[in-house]
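The annotation compositional bias 'Polar residues' is assigned in TrEMBL to A:1-15. Per TrEMBL, region 'Disordered' is recorded for A:1-24. The feature transmembrane segment is assigned by TrEMBL to A:29-54, A:87-113, A:125-152, A:172-194, A:247-269, A:297-320. Per TrEMBL, the feature domain 'ABC transmembrane type-1' maps to A:88-316.
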Amino acid sequence: MSTTSLPTPTGQPTESRAAGRSGRAGDRLFSGATTISGIIVIGIVTLIGVFLIAQAIPALLRNNANFLTSREWSPGGDHPRFGILEFLWTTVTSSLIAMALAVPVGVGVALFITQYAPRWLRRPAANLVDLLAAVPSIVYGLWGLLTFRAVIRPFEQFLQQKFGWFPLFAPTPISGGTIFFIGIVLAIMILPIVTALSREVFDQTPAAHKEGALALGATHWEMIRTSVLPFGKPGVISASMLALGRALGETIAVTFLVSALAGGTPWTWSLFNGGETFASKIANNAAEFSNPNKTGAYIAAGLVLFVLTFVVNSIARVVIERRKAFSE
Amino acid sequence: MSVSRIGAVSAIALAGALALSACATENPAPAGSTQGAGSSASAGNVDCFSGDLAAEGSTAQKNAIAQAIKSYQEACADATIDYNATGSGSGIKQFIAKQVAFAGSDSALKTTPKDGKVEAEEAKNACGSPAWNLPMAAGPIAIAYNVNGVDKLTLNGEVAAKIFNGQITTWNDPAIAALNKGVTLPSTPIKVYFRSDESGTTENFTKYLQAAAPSVWTADPGKQWTGKGEGKEKSAGVSAAVKSQDGGITYVEWSYAQQNQLHMAAIDTGSGPVELTGETAGKAIAAAKQVGTGNDLALKLDYGTKEAGVYPIVLVTYEIVCSKYADAEQGKKVKAFLKHYASADVQKSLEPLGYAPLPAEVLTKVDTAVDAIS
């Protein structure tokens, strides 16, 4: 709102007015362009949602089992029975394990890089972590399958033997990609997201806050606790949610690693059980989408993943907005 | 392996001889192309087309058709054939949608309604003429295992069914021991791996289990696994899992078992253990009954066979073609390529890749059918 755009009281045609007109034209053009971009994004998301729902409904109507609570999955044939309970459990549990591991480590790495590391080390260390994000997910899958599996396996066996009485660690016959193992691989995959975003926000902590804390006699750790962490909290939360979205939807690496369960396997809470995630189930079976109803069943599963990710992101938004209100 | 090496050596020798004789003429061709000419000459007279040919389907025949395409294109520089190995289901779907000239499939077009549609009818409508199933490659399915210290293992239908549905859980089970006298079996728990994706291999293997042990394997054969165990992604996934797990067992295409150097169980159909070889698997095809009419060569394998020397677990992969193409040019291309694919030389070259060559009597029928494509 510059003064040049205000009409002059005398009404004289001046240069400033001409400049104002062209300014308005640019203004309109730019606001129009951004509005269109915004509408396109909303439009795409809405269309994806509409597509998923439209494709899923006919299959859901023919479903003979409860879609949300059944563990069966036989979407083909004349009497399809399918439910997503198992995929939901595997997807959410493995992602939560990934979060539990990646967020503390990621925040730790970000604090080290921004607060503790000597200046010469900061850039290289940050780049190195970012490099993790550049590794294609298929490589994580291969590495997990061929190398990392053997490293984690003894640890899993130890937990099953010593803590098998605890339902989450109950022994299972699964030898390959357990939910626990997938969680660990996902943690490594989302670590760079958490680290990079947290690093950015920690770096933005006003020097006055930090100096103030130090001047009041705080130690380095107390300074971080009282000024850096509270300031960075919304950023860390949004970083975590972005990472969670990635973990929920990760496809190829998980498809490589998961051990599917045979139909009729008894239910267990164990993290050492197998199971497929939404994304891996869909990816693994995409070649056999032989009829619309079967396809619809998979699309319905995809819809649940879509909604799940949507809810996670909405919660993150709400949390961040609330935090903002507090800090201002 | 050694056979193909000898072939390569002789091809080079032949190429060398050609190159020497070519020196006398004005245009000595580069060694590479001469060699190509030499190998195409050995593949018989190839009817070349120029242009593109697209096909899609089964992953089980991927290596076989890739080999046929390679030798065809070596002989015919102007031809481009593209086979997209996405799975039998999508191959048939694309064929019906007229996106590809022919489809590769692990099972013949279904003639009974499924989900209100009959594949064979749909294909007929898409072609405007009856669609034919032509067997082109036979992929034996190996029962591959990894047990420390056990190099030789014999199973029969019943014991295999019990292993795969979880009734037998350790390797030293008396039922296994009874079939393997003189073999020391450890008490390692059995880990069954199955294909987590829907697969023609699973379908054919469960068909075998049901035919060989109907009282043990009661589930309907299908593309989705109905036994017990731990699911892994595709053939590569199950073979990798067995390789890295002591006590592991799975069913997988022969080529994967060979490439991963997994031990394979011999099958005792009632008249002694039969090892999996190109010959024993080929016999199963020769004994199969033709269920299609005329040039439609859909086969029905006798999985419950008790005949001596027959390895019963075999998957036949078909090329699904129109008998009369609406686009005559396309028909010519399909015919030219399949003629080459069904030639004895190409069939022989498939064995090192893990396929059983089709027996001569089946090949003759395929040849006749291919000739009738227009």
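Every residue gets a Cβ built from N, Cα and C, even glycine.
Listed as Cβ neighbours of the transmembrane segment (A:125-152) (distance under 8 Å, sequence separation of 6 or more from its ends, same chain) are residues 109, 112-113, 117, 176-177, 180-181, 184-185, 188-189, 191-193, 195-196, 199, 250-257. Among the recorded stretches A:29-54, A:87-113, A:297-320, the one sharing the largest number of Cβ pairs closer than 8 Å with the transmembrane segment (A:247-269) is A:87-113. Tertiary neighbourhood of the transmembrane segment (A:172-194): same-chain residues 90, 93-103, 105-107, 109-110, 129-133, 137, 140-141, 144-145, 148-149, 152-153, 156, 160, 236, 239-240, 242-244, 246-247, 250, 253-254, 256-259, 268, 270-275, 277, selected by CB-CB distance under 8 Å and a gap of 6+ residues from either end.
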